[in-house]
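Among the features that TrEMBL reports, domain 'Tetrahydrofolate dehydrogenase/cyclohydrolase catalytic' is placed at 6-121. Residues or ranges marked as domain 'Tetrahydrofolate dehydrogenase/cyclohydrolase NAD(P)-binding' by TrEMBL: 140-288. Taken from TrEMBL, the feature NADP(+) binding site covers Gly166, Arg167, Ser168, Ile232.
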Amino acid sequence: MPAEIIDGKAFAETVRARVAGHVTQLRAEQGLTPGLAVVLVGEDPASQVYVRNKGIQTKESGMASFEHRLPAETPEAALLGLIGELNSDPAVHGILVQLPLPAHLNADLVINAIAPEKDVDGFHILNVGRLNTGQKSMVPCTPLGCLMLLRDRLGDLSGLNAVVLGRSNIVGKPMASLLLRDSCTVTVAHSRTRDLPDVCRNADILVAAVGRPRMVPGDWIKPGATVIDVGINRVPAPEKGEGKTRLVGDVDFDSAVEVAGAITPVPGGVGPMTIACLLANTLTACCRANGLPEPEGLTA
Ligand SMILES: NC(=O)C1=CN([C@@H]2O[C@H](COP(=O)(O)OP(=O)(O)OC[C@H]3O[C@@H](n4cnc5c(N)ncnc54)[C@H](OP(=O)(O)O)[C@@H]3O)[C@@H](O)[C@H]2O)C=CC1
Ligand SMILES: Nc1nc(=O)c2c([nH]1)NC[C@@H]1CN(c3ccc(C(=O)N[C@@H](CCC(=O)O)C(=O)O)cc3)C=[N+]21
């Protein structure tokens, strides 16, 4: 029996609708409008698409959206200056600096310059430390979105074998951390992992975040497993016409769907959840900044 297709797009719509409801209430009862600032340095075309989608959905949810597009050659001091201004702007509750940054900018330095309470990506060293020690933090959007999909399908995750393929700071490591917090037995695999197919075959939950188009075939998957495909890879699609491209994940969907119990598609899986969680984090940041109770069920 083919796998259930996990509809991340539909789930993300429900998350965004709940966020929008809270935003309406905040405005009516407190006169507050949550604000998200997105900073894009350089001209990376894929990044521009994400930034545009984020801007549109931020406004649709009733929040204020502030976009800052800086030239690729922006000096580090100028970027740090802008972050300083956003840190002290009371209309801005969330700040996201789109990654990757041009090579002459030190990403760690830039991220750690964001006020931790406005770090809606959850990448600041303080938020990373808080998440890993079980303290209240901002939780990275993509892993948070994956966790919401997993809990929705599986309920209690405790005792399940989870394999996270990829160990980046933005997806793999925080994903592993969240799964561990939910009492999974977590294995983090990467480019030096031995016997990767065997490691994956042990997974009740397999999260693929490698950035290699269709790397995980169906025969790496335990029958009935829940597969979360984080990969966003643009590949040539000659069937759509010359020079056309399409998005595929890190999992070979066609073979995986025959083995898995449930699987997220690309597009329409994790991607929309990432943006929904970014809005949820901005709402959470706004509530915390104003000493208001946090909306329930929108964070980990
Ligand atoms: N849907 C969404 O919202 C988002 C999607 N993405 C997508 O997710 C994917 C991963 O992103 P990100 O984490 O930033 O990527 P990174 O390139 O930072 O990390 C990739 C990880 O995969 C590992 N890896 C690479 N090749 C192999 C291999 N052949 N076998 C085993 N492991 C391998 C690397 O191992 P090592 O550490 O040993 O080098 C590394 O840990 C990308 O496709 C990206 O576009 C990213 C963010 C959000
Ligand atoms: N500071 C920072 N935070 C991030 O969260 C971050 C980042 N930098 N840099 C780039 C990656 C990538 N990322 C995506 C978000 C949404 C979709 C998304 O919405 N995808 C849609 C389709 C998009 C399309 O069709 O082009 C989908 O999968 O259905 C994809 C990728 C966030 N990232």
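Using the three backbone atoms N, Cα and C, a Cβ is placed for every residue, glycine included.
With a 10 A radius on its CB, Arg167 (NADP(+) binding site) counts 18 other CB atoms from all the protein chains. Its own atom aside, the Cβ of Ile232 (NADP(+) binding site) has 21 Cβ atoms within 10 angstroms in the protein chains shown.
Residues Gly166, Arg167, Ser168, Ile232 are recorded as binding NADP(+); their most distant pair of Cα atoms lies 16 Å apart. The binding-site residues near ligand 2, defined by a Cβ under 6 Å from one of its atoms, are Ile232, chosen from Gly166, Ser168, Ile232. Each residue in the domain 'Tetrahydrofolate dehydrogenase/cyclohydrolase catalytic' (6-121) has a pLDDT score, and their mean in this model is 96. Around the Cβ of Ser168 (NADP(+) binding site), a 10 Å sphere holds 16 further Cβ atoms from the protein chains shown. Every protein chain shown contributes to the tally, and the Cβ of Gly166 (NADP(+) binding site) ends up with 23 other Cβ atoms within 10 Å. Each residue of the domain 'Tetrahydrofolate dehydrogenase/cyclohydrolase catalytic' (6-121) gets a DSSP state, and the totals for helix, strand and coil are 60 helix, 19 strand, 37 coil.
Helix, strand and coil counts from DSSP across the domain 'Tetrahydrofolate dehydrogenase/cyclohydrolase NAD(P)-binding' (140-288) read 59 helix, 30 strand, 60 coil.
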